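Peer 1: Take this structure first; my questions come after.
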């Protein structure tokens, strides 16, 4: 019996067979497309982030330097420093050719375009490392405190805690220690946990540099080197129990770096307390989102809680400030040392690459730079505010590298040559000063902040051209002398002083007459004493001590004054954090023996926090420098 199958109208058996073959072809095409897309995740050069979905967390991941998401940063931090350095060495032949661009002019448009992307932090070559090479790099030891300490030439605290042999000098040193204890005790009594003390109203001040506790972090190393151990332990306990690194609010990248990162780093290097190391590494990671700009030049303000960053509202055209983005190098290099992650050094080296690439008017570095375009915003040059510590960090980066950072050396002496040619002036009365430069027109004004430059030029005198050594020492002495001359009649100096209209190192505007306990002049006294041992520097320092006692000391601390030209002083009701960190520390060192925080072992960041010279050969060989007495 034959069954008759029903046939739908318009559809034959042969027609149904054709549709099945079409479906098969379609499915075959679809599966090929899926396979192609899946493969693209692994083989296209811009698929790094998508790869993370599929790859194990333990595999080496290439990472963008200079910009990227917070997750990119965290992934990068997990990678050991040596592994990343080695992986860069394994880039393809094309990348090897690009590596030479830093030292030679670009020869093709393609090379120039690639270098621009690297400088801006928007692209990086895919890196490949063999398993055996990765394994060997991972076995390299990370930073250990005892190894570091063995590489110091001298004991950080000196042979006798830096006590001077001369009884008179030692008495003066003890007086400075007494001033520190008085300042600290009143801060603790009336403003504990706040950023700074208001000594007249006996309360605390927060400000916008960070959440809280600036005076505590800034004082850690000062208390320690002065032997004020009860006070130091109180400060350490506060760091352990109360330092909040997730503050949701406006914070200055610059101030957080020099005060908090610098203060915690120096506290760790002086004491070996792991607490400080852990805190500073946690804080360092929170600063990285500020670099997420088209150029890798960080913005000036950051919310440490959310990671968002922006430029100062007062900064010209949303620009970043030379003295802010140029004053990160010392601390960030040490963050790399302690974390074993290169991302910190890469961030600051990216800044240096961009500065080397762009044109500089007359060899000078203007104060405002766009973090978007990487171009100067206006041609205002100053060795004082807005520019100052950029130059300081160039020579100190060279010294801190154990004189290995030739790029920093070249940049520093090149900048100094331009400064001498364009800014250094001689007044009718014979005073040498640093003028400001505004688009080719000199403004014959020098700020108190610029008075650090005497010490800066002094410590760099030995490493320039040999025939210029004495010239640099003389220039350093002349500038320091000029700044001393501005300290009259109260023996305290104004915020800015002029050399025109018959003025000689005198503040001619009422708005420039204030003194807020600044350290820069005393800083240069300390350096010039150590370099020359000319007794006048200690005498000038003692003049400042007496003036601080007479005019700035109040019942409950020290306060700045509004007019240095009258002995009937009006106080500003602020005991600045840097008074504890810098002014009193530099005075104490001025009246101490040179082996207390010896310049053979330490450089001071711009907040006077001592950071050790990095002796790579010693650290890698686990040896110690010749004539090492640090462990004695």
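Our numbering is plain: 1 for the first residue shown, then up by one each step along the chain.
Note: Cβ is positioned from N, Cα and C throughout, glycine not excepted.
Fair warning: this is a prediction, and the values are worked out from it, not measured in the lab.
So TrEMBL says this about it:
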type     : residues : note
TRANSMEM : 23-44    : transmembrane segment
REGION   : 62-85    : region 'Disordered'
COMPBIAS : 71-85    : compositional bias 'Basic and acidic residues'
ACT_SITE : 255      : active site, proton donor
ACT_SITE : 388      : active site
DISULFID : 451-483  : disulfide bond
ACT_SITE : 495      : active site, proton donor
ACT_SITE : 520      : active site
BINDING  : 606      : Ca(2+) binding site
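Could you give the neighbours, burial and distances for every feature on this list?
Peer 2: Around residue 388 (active site), the same-chain residues at least 6 positions away in sequence with a Cβ under 8 Å from its Cβ are 323, 382, 449, 450, 452, 453, 606.
Around residue 495 (active site, proton donor), a 10 Å sphere centred on its CB holds 20 further CB atoms from the protein chains shown.
Same-chain residues at least 6 positions away in sequence with a Cβ under 8 Å from that of residue 520 (active site) are, in sequence order, 448, 449, 450, 451, 452, 483.
Using a 10 Å radius centred on the Cβ of residue 606 (Ca(2+) binding site) and all shown protein chains, the other Cβ atoms total 25.
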Peer 1: Measuring Cα to Cα, tell me the gap between residue 255 (active site, proton donor) and residue 495 (active site, proton donor) in whole angstrom.
Peer 2: 19
Peer 1: Determine the minimum-neighbour residue: among 451, 483, listed as disulfide-bonded residues, which Cβ has the fewest other Cβ atoms within 10 angstroms?
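Peer 2: Each of the disulfide-bonded residues 451, 483 was scored; lowest Cβ tally within 10 Å is 483.
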